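What TrEMBL lists as transmembrane segment is B:6-28, B:57-78, B:85-103, B:143-164, B:191-216, B:222-241, B:248-271, B:277-296.
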Amino acid sequence: MLKLVDLKKTFHPGTPNEVRALQGVSLTIEEGSFVVVIGTNGSGKSTLLNAVAGTFLVDQGKIELAGQDVTGWPEHRRAKFIGRVFQNPYMGSAPHLSIAENLALSARRGEFRGLNWALKRRQLEELQQQVREMGLGMENRLTNLIGSLSGGQRQSLTLLMASLKRPDLLLLDEHTAALDPKSADQVIQLTENLVRKQKLTTLMVTHSMQQAATLGDRLIMMVRGQIRYDFQGAAKKRLTPEAILSKFEEVRRMDLLDESAAELLRQRYV
Amino acid sequence: MSLLIGALTMGLMLSLLAMGVLISFRILAFRDLTVDGSITLGGAVAGMLIAQGHSPILSTFAAMLCGALAGCVTGILATRLKINGLLSGILVMTALYSVNLRVMGKSNIPLMNETTLFSMVQGWAKSEDRWTFLIWQAPLQDVFVLLQLCVMIPVVALIVWAYFQTEHGLSMRATGDNPDMIRALGVNVDWMTVAGLGLSNGLVALSGALLVQYLGFADVQMGIGMVVLGFASVIIGESLVRSRSLGLLLIGAIMGSLLFRLLVAIALRWGLNPNDLKLVTALFVLAALVMPMVLARISRPGKTQTLEVAPDA
């Protein structure tokens, strides 16, 4: 379970580049829930994910994960609970290590790493089995370097790596945005399968209305560092890509109205 | 012949330096300049302890430990204190110059009749004994030292290789290859870098300790330019093995170091002024770094335009 209480984060405070990326975000994600986050550019959706992952520490608020207050924990310590897939398909794996070595590294996510052999034969067979189950045809190429794979293949592997040791929370940061449509479909398919099979608690940021409508059991729309809409249960099931788009349009118009109204007031009274 | 044996002996001892540089420059992708100071530190500590009559094995280990410590300091400056990696190395290297003088008490310690790591095998022959191979002759003692190193260096290389096959070692390789990824997998990248620089400089200091015992003196100036020398060996090694596999890279570092010493020996034989050696080494590294780019331009003249744009991309 993930519990966020009134998260606030400002980048470059006190400078002309000040960005108030999170302006009081509270959110509770139940065990086994698959939450999709959408939002316009700069709405803070990726910032939210990074705040949970610990890429930076928040200015204010509380992050509770798997029953522990992790607010002050550095990124590598939170990794014990969190599996992550990045937007950049090259960010989630080490190119000059083999597929097997990458998998072996992820199998010990958040655990002590001592002087045991990293690749034991028995474990290797296990890994091979898991790669086979993914159906990507890579099970016989485990000694190949990751760098020799395509972006889609690497992203699929990163997904497997993130869930090899069952995470308490799976974070997906627009993980299909940089892929070609076919690979994106494949990775989404894989995501669905993994999440369903392992009943993973998942927080996924996406830019695709299609994915937002069809995936997950809860949809959150962020605007200007705050959660504007939160669709759950039946309301989420009813959502179509068009409905989501019209919500975006609504948000845009309201914001326009806000600004023009502010301008009107300024002209009249200042 | 004795020139050849001398070159190979030096090459083997300096291959530890090359392995250290391989770890920092290639595996951790950290341009560590501590090396110039830590190789001298290794020599200074070993020299000082041996001159005081301590066991050479103990002295060599102590030297290695001190070098490792110096590397860790560089790592802490670079990671915990967020100082630029190059600058961290330069700071520690500069500080080490004074430290080394303090350790030695003077700028040069002779080790004339002390017991060194090589004393035992040297004792198997008298100093006037000669080893004859066809028409060439060489002092038998030197041959024994070379043989001892032929056992020692591969053992060290094997230990380093084995370490990089462990969970900890593999995480270290991933730290250099993709820090974002390994951080997300729960590894403290900062401390992993510190540990890697410690290992690297430990090997470098070991190299310095052996060097001092072989040459028979420790000198505060002995480290100047060593990082470039080590890097040259690594580059030669890489072009020899043409592989990213760690085992081959380690073998490459040894071969590169040997080949480099042979080239130096030949150049000196042909009348190269020893004073020019570092200039030549630097030019060699420069050439090795620039060559691939030049070759790419020559082989694909039509692509020159894109190549010129490339650095911005």
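Cβ from N, Cα, C; glycine included.
Since this is a predicted model, take the numbers as computed values, not measurements.
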Stretch with greatest number of CB pairs under 8 Å, the transmembrane segment (B:6-28) reference, B:57-78, B:85-103, B:222-241 candidates: B:222-241
Stretch among B:85-103, B:143-164, B:191-216, B:222-241, B:248-271 sharing the most Cβ pairs under 8 Å with the transmembrane segment (B:57-78): B:191-216
Remote residues contacting the transmembrane segment (B:85-103) - C-beta distance under 8 A, at least 6 residues beyond either end: 30-38, 40-41, 44-45, 48, 70, 73-75, 77-78, 220
Close approaches to the transmembrane segment (B:222-241) from elsewhere in its chain (Cβ under 8 angstroms; 6 or more beyond its ends): 14-15, 17-18, 20-22, 25-26, 32-33, 35-40, 43, 204, 208, 211-212, 248-249, 251-257, 259-260, 278, 281-282, 284-285, 288-289
Tertiary contacts of the transmembrane segment (B:248-271) (same chain, 6+ residues out, Cβ under 8 Å): 3-4, 6-8, 10-12, 14-15, 17-19, 21-22, 26, 153-154, 157, 160-161, 229-230, 232-238, 240-241, 277, 280
Sequence-remote partners of the transmembrane segment (B:277-296) [C-beta within less than 8 Å, at least six residues beyond its ends]: 224-225, 228-229, 231-232, 235-236, 239, 264, 267-268, 303, 307
